[in-house]
Amino acid sequence: MSRVLVIEQREGEEKTLIQKHIFRPFPNTRRVVIDHLQRLKNFLFRIGDDWYFLFALGVIMALISFTMDFTVSKMLNAHRWLQQELGGNVLLRYLSWIVYPIALVAFSTGFAQSITPHSGGSGIPELKTILSGVILEEYLTIKNFGAKVVGLTCTLSAGSTMFLGKVGPFVHLSSMIAAYLGRMRTSVAGDYENKSKEHEMLVAAAAVGVSTVFGAPISGVLFSVEVMSSHFAIRNYWRGFFAATCGAFVFRLLAVFNSEQETITAVFKTSFKISFPFDLPEMFFFAILGVVCGLIGCAYLFCQRWLLGYVRRNSLTSKLLASDKPMYSALVALLISSITFPESLGQFLASRLTMKELLTSLFDNRTWWISLSQNSSLDRSPLVDPNNLWLEWANPQFTIFGTLAFFIIMKFWMFILATTLPMPAGYFMPVFVFGAAIGRLVGETVALLYPEGIAADGIVNPIIPGGYAWQGAPAYSGAVTHSVSTALLAFEATGQIAHILPVILCVLIANAFTQKLQPSFYDGTIIVKKLPYLPRIRSRDIDSYKVNTEEFMNPDIRVLPREAGFEDVLKVITASDDSEYPVVDNTESQVLVGTVKRPQLIHFLETHESHERAGPTEKENLSEGNLGEACSIEPVTFQLSTWTSLHQAHHLFELLHLQKAFVTKYGRIVGQVTRKEMKKAIEDLANPK
């Protein structure tokens, strides 16, 4: 088969013909095969739609999660081995204890920030902003993905010393993979780029991120509903459940293949008595636990938001964060690791345990103060005993109550300080462990008050402090994140459902306090970082129904009549840098007929140069006509009325992911509302002057 290439040379008026032979045998067979493959692709996409990509998303994230856990486990074991080999040399053990997390944290910060500054933190506040319709550049790029994976692995390898997790970053990582798979789907299927499809993939990705950390698909989907989206389409349930189930199943299956488990079991094993896990009078103490978690959650949210803002405002820390972020992270790691050194204050903080071991020990079904009083000779082993992790909380100088209280007080401010580090890190697992410690302290206190148990109907049942820890974990984490899905997460992660009613009660009570008094952890971060995210209207007391759009809209807008010429367009386009401009029927009626994009106006100016400025020869090449004839005017499919209330406008902005909307009165354009005006109106009503 041959192909003729024609090369034309204008100057010499010569034409050269080159005949190039291309070997393509069996043209008919090749044409038939290509046709059948195209039909197969169309059939598969018609049947499966985007299910293939959701399956791939779940499997990829499960592989990444397992690989990261495996790597972190080896790194932590190496650090533990090094501590053991150094023997009784306290100085070398101290240097080993602090240098390890300092090096990892500094490298995590430096590596991630050198690739992209958007890789720090959990990523959930930014993802919430993206799901609300705002475009944030480079937050979902593959470059950011690589920086976050390497940085997060180093962060987790620092161990429980830094007291950080991986849930938030994994939601962010899952969203990056989903965005990439979405672009791949567009190119493979030959579809146009659909923002709705992209939004659906990102919502499913949030569920996958949680499910591949805890192996909990149901709570992952509920997390994506509660935390990530202001409005959730029911059709996304199937996508979320399918992708999350695939991810959770593969993640748990890999643990079996790696001989970590004999079969698919709970991530955090418990051994509570199922036949009679709690007595009815204990519901009073469960309610108290919910109140305690709610109040401490409010204090934590306030202090965390204040410190995060203070670090950005303070001249010393802001200069350090601007010029040398790894140094700031190293200094914070030095402070925290020095405090948690096991030969010093760390012996009262169970600092030798990993995050998973901390949670498992707090869920222990023994009553610690009774066990220690009956076995006063118990002493901690030089090595961590995996069968008696709870002994790490025992100390001859402190009671169990003192150790737990000291842990809660110290971890409260150390974790708040760790959240200011500009490196990839998650903050859900720490608050989950912190809540378990609060619950354990309350449970041990109740067991001290009723050492024989609470009698009901002549039957005395002992108090199980581990059950209180199991309720405190979802209650406190739910209070901090303003979610109820943490209750279901506790059920799925432990395989325990005996305390279902007390857990839900604790979570609801704790949420009642924090939702009334403080924004959630993620919303607070959005506020401090000043991300373009609409605040929620949480109370009807601010009279959002009584405020009309006319009261907070921006009446100063640039409009173009349909018959606008060169001078009119030039005047408007130089007066503002808007991306689009409203077009009216004429200057007298001001009836809105559509919008025109800024690039079209620039092209209009380039092709319709002013005849007054053009020379005699240039006038012949100029196009004639006005704006309506030369530009494509897009119709306005949505607009607000001056009588639309603030509450209705806010609801529509969230539901339709709007960035701005024009305001009309009897068809005449009178102003526009952007997210800036909406946010200011809500803040003015919530905080009247």
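Just so you know, glycine gets a Cβ as well, placed from its N, Cα and C.
Here is what Swiss-Prot records for this protein:
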| type | residues | note |
| --- | --- | --- |
| TOPO_DOM | 1-51 | topological domain 'Cytoplasmic' |
| TRANSMEM | 52-83 | transmembrane segment |
| TRANSMEM | 92-112 | transmembrane segment |
| INTRAMEM | 117-128 | intramembrane segment |
| BINDING | Ser122, Phe428 | chloride binding site |
| TRANSMEM | 142-161 | transmembrane segment |
| TRANSMEM | 162-181 | transmembrane segment |
| INTRAMEM | 204-225 | intramembrane segment |
| TRANSMEM | 237-256 | transmembrane segment |
| TRANSMEM | 283-311 | transmembrane segment |
| TRANSMEM | 326-343 | transmembrane segment |
| INTRAMEM | 350-361 | intramembrane segment |
| TRANSMEM | 402-422 | transmembrane segment |
| TRANSMEM | 423-442 | transmembrane segment |
| INTRAMEM | 466-498 | intramembrane segment |
| TRANSMEM | 502-522 | transmembrane segment |
| TOPO_DOM | 523-689 | topological domain 'Cytoplasmic' |
| DOMAIN | 553-613 | domain 'CBS 1' |
| DOMAIN | 630-689 | domain 'CBS 2' |
Inset, instruction - Find the member of 117-128, 204-225, 350-361 that has more C-beta pairs under 8 Å to the intramembrane segment (466-498) than any other listed stretch. - result: 204-225
Inset, instruction - Give the number of CB atoms, excluding that of Phe428 (chloride binding site) itself, located within 10 Å of its CB. - result: 28
Inset, instruction - May I ask for the residues of the chain that lie six or more residues beyond the transmembrane segment (162-181) and have a Cβ under 8 Å from a Cβ within it? - result: 53, 56-57, 60-61, 64-65, 68, 101, 105, 121-124, 126-127, 130, 139-142, 144-145, 148-149, 152, 155-156, 198, 201-202, 204-206, 208-210, 212-214, 228, 333, 336-337, 355, 411, 414-415, 418, 424-430, 432-433
Inset, instruction - Report the listed stretch (52-83, 237-256, 402-422) having the maximum count of Cβ pairs within less than 8 Å of the transmembrane segment (142-161). - result: 52-83
Legend entry - Cβ contacts under 8 Å made by the transmembrane segment (283-311) with residues that lie 6+ beyond its boundaries: 317-318, 321, 412-413, 416-417, 419-420, 431, 435, 438-439, 442, 446, 468, 471-472, 475-476, 479-480, 501-502, 505-514, 517-521, 524-525, 527-528
Legend entry - Distant-in-sequence Cβ neighbours of Ser122 (chloride binding site), under 8 Å, six or more positions away: Val167, Gly168, Pro169, Val171, His172, Ala425, Gly426, Tyr427, Tyr522
Inset, instruction - Between the transmembrane segment (326-343) and the stretches 52-83, 92-112, 402-422, 502-522, work out which stretch tops the count of Cβ pairs under 8 Å. - result: 92-112
Legend entry - Contact ranking winner - 52-83, 92-112, 502-522 against the transmembrane segment (402-422), Cβ under 8 Å: 92-112
Legend entry - Residues in the domain 'CBS 1' (553-613) grouped by DSSP into helix, strand and remaining coil: 20 helix, 15 strand, 26 coil
Legend entry - Chain residues in Cβ proximity to the intramembrane segment (117-128) (below 8 Å; excluding those fewer than six residues from its ends, i.e. six or more beyond): 109, 136, 138-139, 144, 147-148, 151, 167-169, 171-173, 175, 202, 206, 227-228, 421-427, 522-523, 525-526, 529, 531, 533
Legend entry - Long-range neighbours of the transmembrane segment (52-83), counting only residues six or more past its ends (CB under 8 A): 44, 93, 96-97, 100, 104, 149, 152-153, 156-157, 159, 166, 170, 173-174, 177-178, 181-182, 184-185, 201, 204-205, 208-209, 211-213, 239, 242-251, 254-255, 258, 352, 354, 384
